[in-house]
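This report refers to the structure that appears directly beneath it.
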Amino acid sequence: MDALTTFDHIIINANLATFSAQYGFDTYADNKDSISAAAKSTPYGQLENAAIGIKDSKIAWIGAHTQITPYLTHYQSQQITDADGHWITPGLIDCHTHIVYGGNRSNEFEARLHGANYQDIAAQGGGIVSTVRSTREANIEELFAQSEKRLLALVKEGVTSIEIKSGYGLDLKTERKMLKVARALGDKHNIHVSTTYLAAHALPPEYKDRVDDYIEQVCQWLPILHSEGLVDAVDGFCENIAFTTEQIKRVFEVARSLNLPVKLHSEQLSNIGASALVAEYQGLSSDHLEHLVEDDIKKMATSNTVAVLLPGAFYTLRDTKLPPIEELRKHQVPMAISTDCNPGTSPLTSLLLAMNMGCTLFYMTPEEVLAGATVHAAQALGLAHKGRIEVGCDADLALWDITRPADLAYQMGLNPIEGIMIKGAWR
């Protein structure tokens with residue numbers, strides 16, 4: 001029997017943005033010494049008039065539409081999707097989110113616009129302490145229901161994999177509750193969820209003036225939650241207003257002992273060596289990066305650490321310090337884009353809008369931001385079989401009614417999704 005007759009599902013008459021090096025994708029071809037690299041690169045790794053064969057939830061074959069048409073009679077109609085010349089990308093990946101939380105902080109948003117500053121809001125029990133309080137008070141069913149709405153908003157725009165952090169519990173009971181909700185969201189909606197332990201996010205009120213004592217607790221909770229199957233990676237907030245590199249290093253040492261990958265909120269407000277620390281531990285990603293310097297970029301390039309850029313926070317905070325995009329290009333550091341969905345500084349549940357912000361605010365190209373929401377986002381989560389349309393990769397795909405891939409970053413407020421495939425099944 002011919003191999004082209006044995007797929008579980010086939011997609012025909014499609015244009016593909018593969019983001020695969022096998023099809024010429026190379027974001028940084030223009031930054032390489034070889035002139036031929038740029039000449040050989042294909043924007044988006046695109047293939048036109050193509051077809052895909054899917055078997056056992058994986059991409060099993062990619063070829064020309066004309067190659068598969070003689071075999072269509074071997075398939076039932078429900079096994080065939082005619083893309084009608086529209087574009088297919090890898091399913092989008094939101095690689096930095098805080099979507100599991102309780103409460104709402106729109107009152108603080110309003111207060112700031114009436115002139116209140118951070119200190120005023122904090123004095124009234126607002127800020128992150130407000131979210132911690134609401135998250136602790138919510139039971140697991142309430143927390144799931146609130147968080148599910150945010151997840152589904154992202155899925156409706158083509159997101160098939162998502163990272164979800166803890167970090168609004170700041171005690172063992174609530175950190176566990178948050179991570180359980182994250183797992184449950186993935187299970188219910190058949191979407192890949194990468195969980196990240198972020199207890200080193202802020203200092204809880206009960207540990208005021210006892211930062212080192214709290215970090216000791218963070219280190220003790222990690223093996224417990226990992227043993228319960230709740231932790232895929234470890235994160236921290238490394239800033240003058242949060243935790244020092246030495247304190248984060250203590251957490252990273254525990255992560256290393258458990259063979260857990262690390263990442264870090266780095267260089268958002270200042271530079272205290274956070275990205276250099278991530279690189280020292282061969283971390284998956286360093287995130288925010290407005291104050292990143294070239295020496296640390298070189299270290300990230302050596303450690304293959306992804307730069308995760310978060311324009312939603314930049315926008316919400318009205319920041320003016322741009323991340324060093326040109327230097328990241330120069331040293332060929334992969335750049336990812338994410339919503340950073342959180343209640344305080346980026347209440348954003350649109351990865352498409354984050355991509356547009358990456359172009360408009362950070363001067364990234366449409367190809368860079370779409371790569372940043374697919375292949376580079378997958379790298380930022382250590383997901384080797386996601387983020388590309390390539391034989392052997394997971395069949396997580398998004399079908400779009402667009403004329404060219406750049407439309408996804410160009411349009412605002414219009415969702416051109418036509419179909420979402422997760423693990424080989426349309427939803």
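Including glycine, each Cβ sits where the backbone N, Cα and C put it.
What Swiss-Prot records for H96, H98, H265, D340 is Zn(2+) binding site, and it gives sequence analysis as the kind of evidence. Remark: H265 (Zn(2+) binding site) has D235, G236, F237, C238, E239, A242, A274, D287, H288 as non-local neighbours, by Cβ distance under 8 Å and separation of at least 6 in sequence.
There are 26 other Cβ atoms within 10 Å of the Cβ belonging to H98 (Zn(2+) binding site). Per Swiss-Prot, Fe(3+) binding site is recorded for H96, H98, H265, D340, and the stated evidence type is sequence analysis.
For the recorded site, R105 (4-imidazolone-5-propanoate binding site), the DSSP three-state label reads coil. Look at Swiss-Prot and you will find R105, Y168, H201, Q268, T345 tagged as 4-imidazolone-5-propanoate binding site.
According to DSSP, Y168 (4-imidazolone-5-propanoate binding site) is assigned to coil rather than to any helix or strand. The N-formimidoyl-L-glutamate binding site annotation in Swiss-Prot covers Y168, N342, G344 and rests on sequence analysis.
Comparing the Cα of G344 (N-formimidoyl-L-glutamate binding site) with the Cα of every entry in H96, R105, Y168, H201, Q268, these being the binding-site residues, the smallest distance points to R105.
In sequence order, T97, H98, Y101, A313 are the residues of the chain that are 6 or more apart from N342 (N-formimidoyl-L-glutamate binding site) and have a CB within less than 8 Å of its CB. Rounded to the nearest whole angstrom, the C-alpha distance between H201 (4-imidazolone-5-propanoate binding site) and H96 (Zn(2+) binding site) is 14. Across the annotated binding residues for 4-imidazolone-5-propanoate (R105, Y168, H201, Q268, T345), the two most widely spaced Cα atoms sit 21 Å apart.
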